[in-house]
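Asker: Below are the structure tokens for one structure; questions will follow.
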Amino acid sequence: MNMTKRDFIDTNTYTKEEIQYMIDLGIKIKESIKNGYYPPLLKNKTLGMIFEQSSTRTRTSAEAAMTELGGHAQYLAPGQIQLGGHETIEDTSQVLGRILDIIGARVERHHTVAEVGKFAKVPVVNFMSDYNHPTQELGDIITMTEHLPKGKKLSDCKIVFVGDATQVCVSTMFMATKMGMDFVQFGPKGFQIKPETLKIGQQNAKVSGGSVTITEDADEAFKDADFIYTDVWYGLYEAELSEEDRMKIFYPKYQVNAELVAKASDHVKFMHCLPATRGEEVTDEVIDSDYSIVWDEAENRKTAMRAIFVYLLNPELRKAQASQAVADKYDAEFSLMLRNAVDDQRNAD
């Protein structure tokens, strides 16, 4: 394992144990901050953020995560830097890797972020591509961990993704199957996960004990579901059909409404990556309900960013994956550091 450079471009390059470690790390840092202590785990570190597409949650959560933990973020807007234009992606990545400590990129094509990761000598985080959305994945699995049904583990749970096979749908399948969950896409033919991508989820499930199902049958999809997830019906990168044509395909069968939710378990939770088009893929009644966890989900984008940045920029955390003794030692030292710092801050107050 390369202890000096690790990217977060595709969660399929991580083990279940590594993902679980990041889940626990994110929750631990979140609890520390709620107790009033901001551990300076990213002190003097600088994140460069490349955005080829607009962003609300990703940009703000990344900037806030860096600031809260003692670091700094720079926004690199389209047109303000060379990236595959006058200067090659390779050259730009080499330069940024010499100046920055970590790079985040939201790109139109997955190839771009993969190339940045290949040539930059610092960690690179995929802030979303036309293929996947791994930071959303981690935030979502943290949210599900915080809202597990009583007596259940992640590996006992079933999640249903409703609608189009967007990059968020694909990412949900990747993460769910990695963690041993049962994943279902409830969507129309022509908008289901592509076979070559589906194979990755099936392989994950084979290893973890989870499952993957693609169906157009609502009763089959929602039976015993613990989580329901949806996304917009027209993705950032798809222009084959007009919004009107897509509405004809998806509405009303694939709208998450009270009637559809009633088919799931009585403890089901609703999720949406946002922004939501209310009245289309989800009704106001559902998104504003007491079983909706979309706002916790949005907040946990920052929880995920903290965990990812700290994990990538602290090699000792990656070493902990190779040795349970090192992991236990680091966990003990980290917990002690947080307790002492909180006590010191309270005494100062």
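We count from 1, first residue shown onward.
Placement of Cβ uses the backbone N, Cα and C atoms for every residue, glycine included.
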Asker: Let me know which member of His133, His147, His267 Swiss-Prot also records as binding carbamoyl phosphate at the site of Ser55, Thr56, Arg57, Thr58, Arg59, Arg106.
Answerer: His133
Asker: Can you list the residues of the same chain, besides Ser55, Thr56, Arg57, Thr58, Arg59, Arg106, His133, whose Cβ falls within 8 Å of the carbamoyl phosphate site's Cβ centroid?
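Answerer: Near the carbamoyl phosphate site, beyond Ser55, Thr56, Arg57, Thr58, Arg59, Arg106, His133, sit Phe51, Ser54, Thr60, Ser61, Ala62, Phe127, Met128, Arg301.
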Asker: Quick one: what's DSSP say for Leu274 (putrescine binding site), helix, strand or coil?
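Answerer: It is coil.
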Asker: Return the residues near Arg59 (carbamoyl phosphate binding site), defined as same-chain residues 6+ apart in sequence whose C-beta is under 8 angstroms from its C-beta, sorted by sequence, else 'none'.
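Answerer: Those within reach of Arg59 (carbamoyl phosphate binding site), by Cβ under 8 Å and sequence separation of 6 or more, are Met49, Phe51, Tyr75.
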Asker: Beyond His272, Cys273, Leu274, Pro275, what residues of that chain have CB atoms within 8 A of the centre of the putrescine site's CB atoms?
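Answerer: Here the nearby residues are Arg57, Asp231, Val232, Ala276, Val294, Ala298.
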